[in-house]
Amino acid sequence: MAPSSKADKKAAVDAAAWMFNVVTSVGIIIVNKALMATYGFSFATTLTGLHFATTTLMTVILRWLGYIQASHLPLPELLKFVLFANFSIVGMNVSLMWNSVGFYQIAKLSMIPVSCLLEVVLDKIRYSRDTKLSIAVVLLGVGVCTVTDVSVNTRGFVAAVIAVWSTSLQQYYVHFLQRKYSLSSFNLLGHTAPAQAGSLLLVGPFLDYWLTNKRVDRYDYNLASIIFIILSCSIAVGTNLSQFICIGRFTAVSFQVLGHMKTILVLIMGFFFFGKEGLNMQVVLGMIIAVIGMIWYGNASSKPGGKERRSHTLPTARQQKHGGLTDSTEHDGKV
């Protein structure tokens, strides 16, 4: 296959992966908003556990059908990933409860520089000046859109720090584990989803009771709420899978930067479905700045020197078995 056709195919697959993630992520936000606001199902941690239980069921079926091959992930690596991922989920929920919306949004934005720091320290990634500036423009634009009132308290700050670092580490680990152990997105989900489902369903009801003072077993379930729960779980399968696909194909930083397009789309759809309340020049200006930053980032990071690894990558498990690092020069350039 000619290099140009290979590049075209990769670009098409990359675009499809991003679109898959955007559609499922925006879809689950809308469904969960209706489930919680309209039907009063405020048990976010338990619902996330149900999401991973449904994802586990999907991976079991695909493995039974032969679409997922047997793979190995060491138990210590699995436990570290689940620890980061669960602290991320719990931390974000607690941060939202204890902080103002403005500070919560600032905390979410800070995941990008933290993810950059992890890549610089752990992967020896070097960013060009244009790439750094484009990230700053995205942060500025999304901040203008979403940050309003900002108030800080000690426990809310601690929760936000835990949420930011655990989320950044979890997303870094998705890329790291796929690369090191030669795991596909389906393989990695097959290892991590059952552990996350079990732990979140065990802890979730107690955590949700602490956060909401309501018990999930005493919720007034009806046909409409059950349909929305099933719909949320179904969309979550696509959200979980598309996140692993995108981070595996790119990096956690690219996923965070371009992922803020979802924030813009959610704002636009909110204005479209729920009226123009809150739509003002500040929000519109922030959207424009953020989109310009995303386009600039995509262009800057794809250029030679835009985002490069300064040293050899870690050998994969498969390469280690063969006693050496093969094709290392293929990974030393743009990432």
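Quick reminder: no glycine exception, Cβ is built from N, Cα and C everywhere.
Here is what TrEMBL records for this protein:
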TRANSMEM  12-31  transmembrane segment
DOMAIN    23-297  domain 'Sugar phosphate transporter'
TRANSMEM  43-66  transmembrane segment
TRANSMEM  78-96  transmembrane segment
TRANSMEM  133-150  transmembrane segment
TRANSMEM  156-174  transmembrane segment
TRANSMEM  186-207  transmembrane segment
TRANSMEM  219-241  transmembrane segment
TRANSMEM  253-275  transmembrane segment
TRANSMEM  281-300  transmembrane segment
REGION    302-335  region 'Disordered'
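Between the transmembrane segment (219-241) and the transmembrane segment (156-174) there are fewer than 3 Cβ pairs closer than 8 Å, counting only residues 6 or more apart in sequence, so the two stretches are not in contact. Contact counts against the transmembrane segment (78-96), taken as Cβ pairs under 8 Å, peak for 156-174 among the stretches 43-66, 133-150, 156-174, 186-207. At the 8 Å Cβ cutoff, the transmembrane segment (43-66) and the transmembrane segment (281-300) share fewer than 3 close pairs (sequence separation 6 or more) and do not count as touching. Looking just at the domain 'Sugar phosphate transporter' (23-297), the mean pLDDT is 87. Using a Cβ-Cβ cut-off under 8 Å and counting only residues 6 or more beyond its ends in the same chain, the transmembrane segment (186-207) has close neighbours at 43, 45-50, 52-53, 55-56, 59, 62-63, 67-69, 71, 73, 78-79, 81-82, 85-86, 89-90, 93, 174, 177-178, 215-217, 240-241, 244, 248.
With a threshold of 8 Å between CB atoms, the same-chain residues lying at least 6 positions outside the transmembrane segment (156-174) that come near it are 80-81, 84-85, 87-88, 91-92, 94-95, 98-99, 103-104, 107-108, 110-111, 114-115, 118-119, 122, 188, 243-244, 247-248, 252, 255-256. Remote same-chain partners of the transmembrane segment (133-150), defined as residues 6 or more beyond its termini with a Cβ less than 8 Å from a stretch Cβ, comprise 100-103, 105-106, 109, 112-113, 116, 127, 253, 257, 260, 263-264, 267, 282-283, 285-294, 296-297, 299-301.
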